[in-house]
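Reviewing the structure listed below.
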Amino acid sequence: MPDTVCRPPRLILASSSRYRRALLERLGIPFDVVSPDLDETPLAGETPAATALRLAGAKARAVAATIDAPDGVLVIGSDQVATFDGHQIGKPGTHERALAQLVSMQGREVEFHSALCLYDSRTDNAQVEDIVTHVRFRSLPEAELDAYLRAETPYDVAGSAKSEGLGIALLDAIDSDDPTALVGLPLIALTRMLRAADYPLFATTRGDRA
């Protein structure tokens, strides 16, 4: 009897972020990682939400274009933009800039836009969503902020604090519809998108998806 099992498309995470990869691994589903080659500079006059959504979609489509998959692929693109005092804030890159960020945000609120795109090459359809998270920082002595930075070196994250680690001690409150959005990959939104794309999240064994 011929094999009539409809196999799901290959799933790809379009990201170089180890944080997003770790989040996706929580789902226990097979996926590959391909880093997108993309200019992530915001466009003039672009809102934070528009920047995040544009880049999430561009990452997914750029990676999909490099994959030779006759049966199609599902590509996950994600981008996060943080705003403070009406301005986008990027990854600090250095200890000095990270400390300046944290000092300026003490007792204040920072808004994070975590955009997600699931691109289906079989239909050329892209599902997109922007999850907004509001984070209020505690007021702490500069010496403690400096000690935190030296302990966790969060120089590759916007806002200079890793909420999934010791950085949670810098925060007073987090308001979001998706607790994983702040780390960079909104899993509630993603699983909703995967279900809409008929991806078998609840296959009983990994072999069912092979």
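Placement of Cβ uses the backbone N, Cα and C atoms for every residue, glycine included.
These come from Swiss-Prot:
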SITE      TYR19  site 'Important for substrate specificity'
ACT_SITE  ASP79  active site, proton acceptor
SITE      GLN80  site 'Important for substrate specificity'
SITE      GLU164  site 'Important for substrate specificity'
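Close to TYR19 (site 'Important for substrate specificity') in the fold, though at least 6 residues off in sequence, lie VAL157, GLU164, VAL183, GLY184, LEU185, each with a CB less than 8 Å from its CB. Here the recorded positions are ASP79, GLU164, and the one ringed by the most other CB atoms within 10 angstroms is ASP79.
Using a 10 Å radius centred on the Cβ of GLN80 (site 'Important for substrate specificity') and all shown protein chains, the other Cβ atoms total 29. Secondary structure at GLN80 (site 'Important for substrate specificity'), taken from DSSP and collapsed to helix, strand or coil, is strand.
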